[in-house]
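Some notes on the structure that comes next.
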Number of protein chains: 2
Amino acid sequence: MNSLYIIKIGGNVIDNSENLYHFLKDFKDLAGYKILVHGGGKIATQVGDSLGIESRMVDGRRITDVETLRVVTMVYGGLVNKNIVAQLQRFGTNALGLTGADGNLITAKKRPVKTIDYGFVGDIYDGSVNTEGLSNLLTAGFTPVFCALTHDGDGQLLNTNADTIASALAVAMSGVFDTTLIYCFEKKGVLMDIDDEESVIRDIDPVRYEELKIQQIIHSGMLPKLDNAFTAIACGVKAVVIGRSDDLGNITQKKPFGTRLSRNT
Amino acid sequence: MNSLYIIKIGGNVIDNSENLYHFLKDFKDLAGYKILVHGGGKIATQVGDSLGIESRMVDGRRITDVETLRVVTMVYGGLVNKNIVAQLQRFGTNALGLTGADGNLITAKKRPVKTIDYGFVGDIYDGSVNTEGLSNLLTAGFTPVFCALTHDGDGQLLNTNADTIASALAVAMSGVFDTTLIYCFEKKGVLMDIDDEESVIRDIDPVRYEELKIQQIIHSGMLPKLDNAFTAIACGVKAVVIGRSDDLGNITQKKPFGTRLSRNT
């Protein structure tokens, strides 16, 4: 099986043009097949504010009414995505900027209204990812760059969490590629001591994860991230790596990078 | 040779959701390979106004400073393009929304500053179009949807006239496909009598074109459009058809559509 990296970047990379430049430079050096997934960072909120559209967040999720969907379609699908693509082309990476609607690659279902109406927010389901279409683009030499938008297959774009998209892509593609999912965040990895950036735990398997939880070394904010990671691994993803975006070059230089979660260490 | 339609739509289709819906419905019914090219209509101006960015036009061309480039990247590359893609997917057409940066498909050169500084505006040149990359997407079953953005290959997106993009694509692809270029505009075609929508001239070849010019039947506003069309034909395009977007279905129904310009009638 060929190897595939799926890398997700968030606000700390996107909102800072210098960070983004360095990240993309390291990204282009990664050998083999790769997919980039990005959110919109603070730019969507800034553009929304300028247009007089208020951002409403519930538990870190954006409430997406019609006006907000317009903003995120402009910012995620246009401004952020196309600038990343243009920069990757400059580095010789044949990037292709995508929403889930393009090539019908990721379909989602509009989140049902329960206590909260999230508006045009899409939830991923089993079979959301068009594995064949995406494989064809990869083997044709393209590097897909996904923003945090999907569609319902019936003409409606949907705002969809970028972490979730990255994870769904990794699980779906793990049947075809030896898939490693990388989440870039602001820390060097999972830390033994939260105040010591050098205390990165290099490898965690499910047994060690249980130990770390019992020892209360992993703090509550990291638990959902790691739970989701181990779920992806249980669903076939080879490894999930959590690390700092500006250390990504370590992979190419065969140096340690972040915390590697996998079935067996 | 396989046949290919390249269809350009402008403001009168994009700015009216009903027109757009009907156009896309007819577009999906067109048999064979096809590419859609769109501008941004009035939406870019509206969004720019809302953001407090003044639109400056010279001879119908938008002066594109950094702020304006952000707006057109959001509106052309995001809002308009991705909504067209989502709607085409609903109709079962496997659309892929693109700028020239995506897949390195269209490279342009930033327009040199002479008397006017157009800013980040790109001019097409010989070899701008990545014919091989585009052919691969077509034969893989995708329907490319291009917005009016290209890149310089060095990380810079460029605002580029949609008519020019459509024409450049048609000329470049005519070496690989039997290419017909269709410009949708607000009239039924080139008219014998400007006040009579039913007086469409169905076929014009270069000889007839000279006659019509001498007889002053073609009014001045149409001359650049037709001159460009005959240049494209001289460069290998099979035919250029000029017609009204809501008549596009006539092609599928084998009824006459617009004015057909070609080497020989």
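Cβ coordinates are placed from backbone N, Cα and C, and glycine is handled just like the others.
The domain 'Aspartate/glutamate/uridylate kinase' annotation in TrEMBL covers B:5-242.
In the three-state DSSP scheme, B:LYS8 (site 'Transition state stabilizer') is classed as strand. Long-range C-beta contacts of B:LYS8 (site 'Transition state stabilizer'), restricted to its own chain and to partners at least six residues apart, with a cutoff below 8 Å, comprise B:LEU36, B:VAL37, B:HIS38, B:ALA162, B:ASP163, B:ILE165, B:ALA166, B:LEU181, B:ILE182, B:TYR183, B:CYS184. Taken from TrEMBL, the feature site 'Transition state stabilizer' applies to B:LYS8 (among others).
Remark: B:ASN159 (substrate binding site) has B:ARG62, B:THR64, B:THR68, B:LEU69, B:VAL72, B:GLY119, B:PHE120, B:VAL121, B:GLY122, B:ALA148, B:LEU149 as non-local neighbours, by Cβ distance under 8 Å and separation of at least 6 in sequence. Summarising the annotation, TrEMBL assigns substrate binding site to B:GLY40, B:GLY41, B:ARG62, B:ASN159.
Sequence annotations record features per position, and here TrEMBL assigns site 'Transition state stabilizer' to B:LYS225 (among others). The C-beta environment of B:LYS225 (site 'Transition state stabilizer'), restricted to residues of the same chain at least 6 apart in sequence and closer than 8 Å, consists of B:ASP163, B:TYR183, B:ILE242. Reduced to three states, the DSSP call for B:LYS225 (site 'Transition state stabilizer') is helix.
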(message) Around the substrate site formed by B:GLY40, B:GLY41, B:ARG62, B:ASN159, list the extra residues of the same chain whose Cβ is within 8 Å of the site's Cβ centroid.
(response) B:GLY39, B:ALA44, B:THR45, B:VAL72, B:VAL75, B:TYR76, B:ALA148
(message) Please give the substrate site's span as the largest CA-CA distance among B:GLY40, B:GLY41, B:ARG62, B:ASN159, to the nearest whole angstrom.
(response) 13
(request) Please state whether DSSP places B:ASN159 (substrate binding site) in a helix, a strand or coil. (result) strand
(message) On the 0 to 100 pLDDT scale, where does the domain 'Aspartate/glutamate/uridylate kinase' (B:5-242) sit on average?
(response) 95
(message) I'd like the Cβ neighbour count for B:ARG62 (substrate binding site), meaning other Cβ atoms within 10 Å of its Cβ, all protein chains included.
(response) 24
